[in-house]
């Protein structure tokens, strides 16, 4: 328990403020105190270790329509500067292409993806960094790169024009020399870029340009026409004559409403235009006779903007989608419509698989849903981070759920999302406020409930949320809800709702660390100048959830100041509540005021408070200052001049991180501190705007065995909804997926009768079965004694045959073949022979993988012939060696018999002497049996040798 002591003076000692980024400003501390700080275990850190991005996750998938592979088994989705390969069947992300610029990836957002028509395993990608890259998505290898030098906003290409790209780019903003301001008017231009391989020259030409934004670019199926649309303009360009006269005046048509999307129907000869009013207009302007005076027709169902249009492969159906969250399938003949409603969110884009069986629909909640074209049912879905910064600010921040360390944050308005940062996967969505997801009426936006705060108990058994709604017309709504985790449904169930817990908005919500999950306590602070303590009380002795209620047990205030935030020490003994620029310290059990800590200057309010782990230190931050307090002495250890926007505490150590954004440079600076050291341990700069951050504990398989304690990683989310895991580099290298995507070619014969591809493995197994059957016939002719001897040699013979059979695939490698030959000849050392067998078995696995290459060629037959010849040679060497060994053994036995001729004693006729068997006579009989066994064994080997020669001749 932390005990508060009386400070030495009325005014606490405050060190001079300093800027940690300025190395010239140093504290004048004694060397003794500095050595004590540096020798502390918690402040020891490797100087050369720097923070690195361990993983990138999250991101937005719905900025562009997905692209399917040619076999419709996979689809590729855009995610910032990366491409994610996803399985259609399972919805899992299999691979990520263009991970980092260091690995050849793009440096900015990707705006175009297209499968190469000449190779189904390759795809093109274009980016805002001005480069076009060709990838092999099986091994994620960069094959080719084209440097354009201009940001590529949109791009199209066609098989009829190899190495030629039609890109839409923006002209750079003009800067006024007098005022220095930039011209806000955006000018988009359509360029033709052609790369000449032989001359190594890039040919570029301007096709057209406009003062308005380009909304779409499409090329007809035969590659004759290109249609580009701007805000109110439609331009049709003849690609056949573009190389001759690239700057001629192409037909230009005015559309009455602002254009949002377009699609070309090459079979029917018209263009479909979608606009902000919800109308779909058909422009018949693709024929030469219709260029001057095109005919138009309209179809109108959508109440709001049409976001996407796409035609089926035969041109008979048009698929559209918009804000209504309804997928519309139009029959072009008579404008008959089929509706697929309740997709869950606004439709942003649509794409169709090459086999015309799946619709891939990108939704505003950052999800991609696959809809079957056969029965219009949902087949699969890929869900990303649902948080949308424009309509739903990230007021909850990044909160860790204690049970599984899932990241909890704002999802769809009125909901919170549980996201697994380790697996980069959506876990579940919890509706804090249950509402109907309907589109807006006319131009009025629907004001929905917004979740402001989320907090968990120590072990995650209880959760508290705060949600509110205020449309400015009706009565404001403010709710404090308590949730209990249900192990059966594996989700949180609402237990209690408190209407208007404060008279005004709630500013913070925290858990009391001195309580447990069985008797939890939560603390809220509000704009009504009050902070309240909420406890769980039981109505009766029943342990059911229905028999408990939540009550407010204490209401506190201080000089009618507004309580901004609150925190409880890790041991649960001290409660800190900040009122404007004052931090009040309360007894966490009796709720009595003990001390006041004044932060100077008085004009700045304390925004952040946190207690360090197992240390009597309190960290507080205002708009421009960072304070570290010693709770025992109520004094300031040090103060820094920092514009702190976010803070987070490492749960596994006493380290904490502070961050602030530089919105002009679009970067964020992170500083990691230890409360015992006034200098930052590490400083890291992020080239993004960070919205929130937290510490994420490492998994057990990520920890190094040499370090018993490991610092947690830093998890932060950017303004583009990209999440990054930042931490110290680990010696354990992450496992990279090297599996290839399946590209199977089907035929009617294989579908009916199946595949009948015999590999060399199967052929070799059949041959080995034949050899063993022949040997079994020889075994039946052998004597029982030779069978026993043969059994001991069986494993050795099999190893030699295996090594000989597997020496063929490595005949071209001289060192490997030489070592195999030496090992087969060396038979004197038993230990060496045992190791040789193990090595040969390893070579067997590798060689079988190598020989699975050809089908229908003469290579496997030739290799089998070489195998049998080598087998005969090594068996002959083994027989020769065995004959010499047996002859030496027989000679030795005869010499022993001549030297030691025993005198046979008198026996009683039963072979006994004094009631015991004669041991010497038994040994002689045993030696004679051994000679018989060796001789019979030699005959068996000779018969096996003859049998193998017959097999070779046949």
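Every residue, even glycine, has its Cβ placed from backbone N, Cα and C.
The annotation compositional bias 'Polar residues' is assigned in TrEMBL to 1-11 (among others).
If you look up TrEMBL, you'll see 1-47 (among others) marked as region 'Disordered'.
Positions annotated as repeat 'WD' by TrEMBL: 103-145 (among others). Summarised by DSSP class, the composition of the repeat 'WD' (103-145) is 1 helix, 23 strand, 19 coil.
Taking the repeat 'WD' (299-333) as a whole, pLDDT averages 94 in the prediction. The repeat 'WD' annotation in TrEMBL covers 299-333 (among others).
Marked as domain 'WD repeat-containing protein 75 second beta-propeller' by TrEMBL: 398-719.
As annotated by TrEMBL, region 'Disordered' applies to 763-954 (among others).
The compositional bias 'Basic residues' annotation in TrEMBL covers 786-796 (among others).
Positions annotated as compositional bias 'Polar residues' by TrEMBL: 799-818 (among others).
Marked as compositional bias 'Basic and acidic residues' by TrEMBL: 819-838 (among others).
What TrEMBL lists as compositional bias 'Polar residues' is 850-876 (among others).
The feature compositional bias 'Basic and acidic residues' is assigned by TrEMBL to 877-901 (among others).
According to TrEMBL, the feature compositional bias 'Basic residues' maps to 944-954 (among others).
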Exercise. What counts of helix, strand and coil residues does DSSP assign across the repeat 'WD' (299-333)?
Worked result: 0 helix, 19 strand, 16 coil
For this session: Grab the same-chain neighbours of the repeat 'WD' (103-145) for me: Cβ-Cβ under 8 Å, and only residues 6 or more beyond its ends, written as numbers and ranges.
Result: 63-64, 67, 69-71, 76, 78, 80-83, 85, 95-97, 151-157, 159, 165, 167, 738, 740-741, 743
